[in-house]
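Written below as structure tokens is the structure these notes are about.
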Amino acid sequence: MDVELNEVGRQQAASLSERLSRVPEISAIYSSDLKRALETAETIVATCGLFEVIKDPDLRERHLGDVQGLLFREAAKVCPQAYRAFSSRRTDQVIPGGGESLDQLYHRATSSLQRICQKHTGKRVVVVTHGGVIRALYRRACSRRFRGSILNTSVNIIQISGDDVWTIKAWGDIDHLNQTGHSMSGFGVSKTPSVVSPVLT
């Protein structure tokens, strides 16, 4: 679902950008090509004086097939088969209508970050993406699923070493929002994109 940021989302993106402007030596910024992520990334680029946003469709949120864009209670009534597939605990369960399984999302997300790592060895890179992708990256780093909420514009730092060891250095950091009071929903019915800042060594 390609939803734009609302005014709160824009304020959250501005707060995040101000915070990242104090981070030294950001060498590149990558983003999902969905509007809410791209707008957040463009705000960061403008504030931090970086050259451009590198769009990567592999950083998109999970495609939910026939339940894409529906509320949970609505999806259960309108598309019961797709809703059951979406609710399944099986990580290989695809969702009817072209939706992805959790395993497909995991492969897409981790492959994207590994490609980014190969291009920027030893550098700090900002990646603006979505909750499902961030959960997949957490699973890669910790070998388990993340059970909490992915907070709006949260900063999540993953260090990736040359021998492909992923280490979480920070998770769910929203200090920049706590100082401004902008911790509510940043677009439509869902959340503002979050940032993964891989430090590649």
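Positions of Cβ are set from backbone N, Cα and C atoms, glycine also.
Noted in TrEMBL for the protein shown:
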BINDING   R36, R89, R90  substrate binding site
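Using a 10 Å radius centred on the Cβ of R89 (substrate binding site) and all shown protein chains, the other Cβ atoms total 6. Here the binding-site residues are R36, R90, and the one whose Cβ sees the fewest other Cβ atoms within 10 Å is R90. Take R36, R89, R90, the residues named in the record as contacts for substrate: the widest Cα to Cα gap among them comes to 29 Å.
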